[in-house]
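Copied over from TrEMBL:
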- 7-723: domain 'Major facilitator superfamily (MFS) profile' (DOMAIN)
- 43-63: transmembrane segment (TRANSMEM)
- 75-92: transmembrane segment (TRANSMEM)
- 98-121: transmembrane segment (TRANSMEM)
- 142-159: transmembrane segment (TRANSMEM)
- 165-185: transmembrane segment (TRANSMEM)
- 340-354: compositional bias 'Basic and acidic residues' (COMPBIAS)
- 340-413: region 'Disordered' (REGION)
- 568-589: transmembrane segment (TRANSMEM)
- 601-623: transmembrane segment (TRANSMEM)
- 629-656: transmembrane segment (TRANSMEM)
- 668-688: transmembrane segment (TRANSMEM)
- 694-717: transmembrane segment (TRANSMEM)
Amino acid sequence: MSGAVLVAIAASIGNLLQGWDNATIAGAVLYIKKEFNLESEPTVEGLIVAMSLIGATIITTFSGPVSDCIGRRPMLILSSVLYFFSSLIMLWSPNVYILLLARLIDGFGIGLAVTLVPLYISETAPSEIRGLLNTLPQFSGSGGMFLSYCMVFGMSLLPSPDWRIMLGVLAIPSLFFFGLTIFYLPESPRWLVSKGRMAEAKKVLQKLRGKDDVSGEMALLVEGLEVGGDTSIEEYIIGPATEPADDHVTDGDKEQITLYGPEEGQSWIARPSKGPSMLGSVLSLASRHGSMVNQSIPLMDPIVTLFGSVHENMPQAGGSMRSTLFPNFGSMFSVTDQHTKNEQWDEENLHRDDEEYASDGAGGDYEDNVHSPLLSRQTTSVEGKDIAHHGHRGSALSMRRPSLLGEGGEGVSSTGIGGGWQLAYKWSEREGEDGKKEGGFQRIYLHQEGVPGSRRGSVISLPGGGDVPEGGEYIHAAALVSQPALYSKDLTERRMSGPAMIHPSEATAKGPSWKDLFEPGVRRALLVGVGIQILQQFAGINGVLYYTPQILEQAGVAVLLSNLGLSSASASILISSLTTLLMLPSIGLAMRLMDLSGRRFLLLGTIPILIASLVILVVSNVIDLGTVAHAALSTVSVIIYFCCFVMGFGPIPNILCAEIFPTRVRGLCIAICALTFWFGDIIVTYSLPVMLNAIGLAGVFGIYAVVCLIAFVFVYLKVPETKGMPLEVITEFFAVGAKQAAAKA
C-alpha cells in the first residue's frame with residue numbers, strides 16, 4: 001500500500017500550506033498594522049485576516065461540482081497555482097488593497113485544498129487505512145502551523161521584521177506542491193471509472209495498490225456508480241459443497257450460490273439462512289449483543305445501529321485485507337491472485353476477439369472503453385442455465401472448471417474488496433407466467449458474521465435455525481443484495497452478456513444531478529455531514545484559538561516569557577508555537593486509533609474532555625482561585641482542549657464527509673458540507689467580539705460547552721461508525737438504513 005500512502009502524504013501538502021498561511025498571517029498582522037497605520041482601523045485589520053475565509057467560501061461554492069466534471073487532480077493543481085501566485089503578490093504588496101486581493105486569491109487556494117484533499121485521499125486509500133491517511137491533512141496542517149510559527153518567531157527577533165518576507169516564503173512550499181500535483185499525483189480512480197475511463201483507472205489502481213490484479217476493486221468502483229437502489233439484507237450459510245446443510249437452510253437448490261476457493265478442487269455452497277438476518281435484525285428488534293441495547297434507545301438512528309452491528313460481528317477489528325472466511329484457505333473468493341502470472345489480460349487481443357460484446361456507441365479505442373468483463377470472462381446462456389466461457393484467456397474460475405454452476409443452476413464470481421467484505425455476482429432464474437425462463441444478475445456484498453472458533457471455521461449459532469452439528473464447517477455471512485450498476489435487461493436479452501460487460505459510461509451518462517440529493521440515503525448522509533460540520537465550528541475552536549494568547553497572558557505565562565527578554569509579540573508567537581507542537585503527538589495517536597477504535601469512538605471519547613476543559617475555563621474566569629491556581633488551570637485546560645480537539649472534532653468531520661456520499665454526487669455533497677464549515681467559521685469568528693462585550697469570556701466558553709454537549713448527543717444518536725468499510729458499502733448502508741427508518745416512521 002506504499003503507493004497510496006505516498007500519494008496521501010503528497011496530497012496533504014495542500015493542508016500544510018493552509019496551516020502555514022494561517023499561522024503566518026497571525027504573526028505578520030502585528031507588523032502590518034504598524035506599516036499601514038491600522039491601529040485606528042480595526043475593520044481593515046480584520047479584513048486582512050478574514051479575506052482568506054471569504055475567498056475559501058466563494059471557491060467552495062464551485063469546487064465540488066467542478067471537480068465532479070473535470071476531476072480531482074486539476075483542482076489540486078489549481079490550488080497549488082493559487083497558493084503560489086498569492087504568495088508572490090503578498091511579497092510585493094505596495095499597499096493594503098493589493099494585500100487584500102492577495103489574501104482573497106490565497107483563500108481560493110485554501111478552499112480548494114480543504115475541500116478536496118480529504119475527498120481525494122478517501123477515493124485513493126484502501127479501506128483498511130483510510131482513516132489513518134485521511135488524518136494526515138490534520139497532521140500536516142498543524143505541522144505547517146508549527147513550522148510557520150518557528151519561522152515568524154525567528155524573524156520577530158530581528159531588529160526590523162519584514163512581514164512581506166514572512167508571507168512571501170509561502171511561495172517555496174507551494175511550488176513544491178505544484179510539482180507534486182503535476183508529476184506525481186494521479187487522478188482519482190473512482191472519478192476515472194465514473195467517466196468510463198477504465199484503462200486509466202486500472203493503471204492508477206495498480207500503482208496505488210502495488211499489484212497487477214485489481215479486477216476486484218475495479219468491479220467495486222463500477223458498482224459504486226449507482227445512487228440509491230433497491231437493496232435488501234439477506235443472510236447466508238456458507239459451507240463445503242460436499243456436506244449438506246439442508247436442515248439449517250431454505251430448501252431448494254435454486255437459491256444456491258457456488259463459491260470457489262483459491263486452490264484446485266475447493267468449492268463451497270452458500271444458501272440463504274432460515275432465520276432472520278443478523279444485519280437485518282437490528283432493524284426488526286431481533287439483534288444480538290449491543291445492537292439490542294442500541295435499538296432500545298429513543299431517537300437512535302437505525303443507520304447507527306446498522307453500522308454498529310457490522311462492527312460487533314467483524315472477525316477482526318477494523319477489517320482485514322485477508323478474508324477470514326475459512327482462514328486456513330485465505331480469501332475463499334480471491335481466486336484471480338493465484339493465476340496472475342499466466343492469466344494476464346492481453347488488451348489488444350481482447351479488443352479483437354470480443355468486439356461483439358462492446359456496448360453500443362463504445363467506439364474503438366480500448367483506452368477509453370471496456371471490451372472485457374471486470375471479474376470473469378463469461379457470458380450467460382439463459383436457455384442452457386449455465387455460464388459458458390470462451391477463449392483460452394478465460395479467468396481463473398472458468399479455466400479451472402468447465403462451469404461455475406453448482407447443482408442448483410446459479411453461478412457466482414466474486415472477490416475480496418477490503419475491510420472483510422466480498423463482492424459477488426449471482427445469476428438467478430425463475431419461470432415466468434408464460435413458462436419461459438427469466439433471469440437476471442444480482443450484486444452481493446458479503447460480510448462474515450461472528451469470530452471463527454477454530455482454524456477451519458466455527459460452529460456457530462444460527463438465529464432461528466438451531467446450531468450446526470458438531471464438526472461442521474460453516475460460515476455465517478450477511479449480505480447486501482441489490483441490482484448491479486452495469487446490469488441491463490435489454491443487453492442481456494440481446495447479447496447474453498455478464499454483469500460487468502456493460503460500459504460504465506452508460507451508467508453515468510447523465511452525471512451528477514441535484515435530484516440525486518433527494519435519494520433517501522443521500523439525504524440522511526447530508527444530515528450527518530452538515531450537522532457535524534455546524535457543531536464542529538460552534539464547539540469553540542476558533543474562540544479558544546483566537547484568545548489563547550489572552551488567556552495565557554491572564555494566567556501569567558506570557559509575562560514570564562517576557563521576563564526572559566522577549567517582546568510581547570515574540571512571547572505570544574512562541575506560546576502559540578509551543579501549543580501547536582503539543583498537538584502533533586495527539587494527532588499521531590488519533591492516526592493510530594482512527595482505523596482501530598474508529599471515528600465514532602474517538603468523537604465520543606474526546607468531546608466529554610472538551611466539555612470539561614471549557615467548564616474549567618469558565619470556572620477559572622468566574623471564581624478567584626489565586627494566581628498560581630488560575631495560571632495552572634487555564635494553561636492546562638487550553639492545552640488539553642487543543643489536543644483533544646485535533647484527535648476527534650478536528651479531522652473526523654472532513655473524514656466522514658469524504659466517506660458517506662456516493663461517487664456520482666460526492667463532490668457536490670462535500671461542497672455543501674464545506675460551505676457549511678466556512679459559513680460557520682465566519683459566523684463564529686465575527687460573533688466573538690459581540691459576545692465578549694455582552695456576556696464576557698466566561699459566558700462565551702459556557703456557550704461552547706453547551707454546544708459540545710449537544711454535539712455529543714448528536715454523534716451518539718446520528719453518526720455511524722465507518723471504519724474499515726469500502727466507500728461503496730458505506731453508501732449502500734445509508735440507503736438501506738434510510739429506507740428502513742422511513743418505513744418505520
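Each residue, glycine too, has its Cβ placed from N, Cα and C.
No curator has checked TrEMBL annotations; they are predicted automatically.
Counted over residue pairs separated by six or more positions, the transmembrane segment (142-159) shares at least 3 Cβ pairs under 8 angstroms with the transmembrane segment (568-589), which defines the two as touching. Residues of the same chain lying 6 or more positions beyond the ends of the transmembrane segment (98-121) and with a Cβ under 8 Å from any Cβ of it are 7-8, 11-12, 14-15, 17-18, 21, 25, 32, 47-48, 51-60, 63-64, 67, 72-73, 75-76, 78-83, 85-87, 89-90, 92, 130, 133-134, 136-137, 167, 170, 174, 185, 188, 654-655, 657-658, 666-667, 670-671, 674, 677-678. Between the transmembrane segment (668-688) and the transmembrane segment (43-63), the number of CB pairs under 8 angstroms, six or more residues apart, is three or more, so the stretches are in contact. Sequence-distant contacts of the transmembrane segment (43-63) (same chain, six or more residues past either end, CB-CB distance under 8 Å): 21, 25-26, 29, 32-33, 36, 75, 96, 99-100, 103-108, 110-112, 114-116, 667, 671, 674-675, 678-679, 681-682, 685-686. If you average pLDDT over the domain 'Major facilitator superfamily (MFS) profile' (7-723) in this model, you get 73. Beyond its flanks by at least six residues, the transmembrane segment (694-717) meets 297, 299-301, 304, 531-532, 535-536, 538-540, 543-544, 547, 551, 600, 603-604, 607-608, 610-611, 614-615, 617-618, 621-622, 649, 688 of its own chain at Cβ-Cβ distances under 8 Å. Panel annotation: around the transmembrane segment (629-656), residues 114, 118, 122, 131, 134-135, 137-138, 142, 528-529, 532-533, 536, 539, 541, 544-545, 548, 551-552, 554-557, 579, 582-583, 586-587, 589-590, 594, 599, 602-603, 605-607, 609-610, 613-614, 616-617, 619-620, 673, 677, 711, 719, 722 of the same chain, lying at least six beyond its termini, place a Cβ under 8 Å from a Cβ of the stretch.
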